[in-house]
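What TrEMBL records for this protein:
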type: DOMAIN; residues: 38-98; note: domain 'LIM zinc-binding'
type: DOMAIN; residues: 99-160; note: domain 'LIM zinc-binding'
type: DOMAIN; residues: 161-218; note: domain 'LIM zinc-binding'
type: DOMAIN; residues: 219-280; note: domain 'LIM zinc-binding'
Amino acid sequence: MSEKFNCFYCRDNLQGKKYVEKDGHHCCLKCFDKFCANTCAECRKPIGADSKEVHYKNRFWHDSCFHCFKCHHPLASETFVAKDSKILCNKCATRVDSPKCKGCFKAIVAGDENVEYKGTVWHKDCFTCSNCKQVIGTGSFFPRGEDFYCVTCHETKFAKQCVKCNKAITSGGITYQDQPWHAECFVCVTCSKKLAGQRFTAVEDQYYCVDCYKNFVAKKCAGCKNPITGFGKGSSVVAYEGQSWHDYCFHCKKCSMNLANKRFVFHAEQVYCPDCAKKL
């Protein structure tokens with residue numbers, strides 16, 4: 001006499017019927033779904049004996065329920081990434097981990113051209129001038145607070161204008177008497193030598209290097225006949241009757257006494273001390 005072959009739970013005879021063996025026991029399909037089946041993590045329904053099951057880290061899914069959390073692409077037969085208890089396809093996982101564009105707020109994924117400045121990232125075409133809205137991309141720009149300007153707009157809105165050429169001073173430059181200049185524009189009016197960092201003299205809004213001032217502008221000392229430049233020795237000048245002298249050249253024609261800041265007598269285009277003048 002054959003041994004009875006019954007369902008462990010409902011005791012129905014399983015002879016000639018489909019059954020499932022679970023934990024060493026035999027059970028009919030109905031009892032398997034009721035007592036033994038795993039619950040799908042997606043739809044929360046039992047995963048029946050006739051269903052295909054996906055198992056990952058103590059969680060279970062119907063194969064049709066196992067899909068990407070974001071795009072819902074089926075993943076039962078594909079590779080996937082688990083992130084924060086969510087199942088993602090490789091493409092969506094890349095986007096989740098990717099930085100967000102400051103301009104369009106979309107992910108910057110591998111292969112996208114981008115611009116980065118002080119930890120902030122833009123798609124190349126999203127990095128635009130705050131004024132004209134034209135794409136700056138990887139070109140030159142000027143940051144001002146939270147705004148970014150292309151070279152042209154920055155020059156128009158913010159850059160100082162050189163008093164000589166009236167063009168914007170974008171870098172460097174010098175200031176003389178509160179007026180801005182390009183360094184290459186601040187030059188000697190005679191020889192065009194750059195004057196930035198050099199000694200120079202201004203005469204009626206014209207600027208001269210030391211040599212040109214000596215040779216073309218400076219008055220000649222009536223005593224030594226050399227230029228009176230105002231530089232170095234003899235920077236003090238004595239002027240009288242349309243003539244000028246270095247202070248050290250202003251002395252008596254006869255006794256050579258220096259007469260700077262002293263009384264003198266001017267006779268026949270010559271300078272004399274009072275004592276020598278009495279003897280003329």
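Heads up, the Cβ atoms here are built off N, Cα and C, so glycines get one too.
Caution: TrEMBL annotation is automatic and unverified by curators.
Values in this document were obtained by computation on a predicted structure and should not be read as measured data.
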Review point. Would you list the DSSP helix, strand and coil counts for the residues of the domain 'LIM zinc-binding' (161-218)?
Key: 8 helix, 19 strand, 31 coil
Study note, to complete from the structure: Counted with DSSP (H/G/I as helix, E/B as strand, rest coil), the domain 'LIM zinc-binding' (219-280) has 8 helix, 18 strand, 36 coil
Exercise for review: Run through the domain 'LIM zinc-binding' (38-98) and tell me, per DSSP, how many residues are helix, strand and coil.
Suggested key: 8 helix, 18 strand, 35 coil
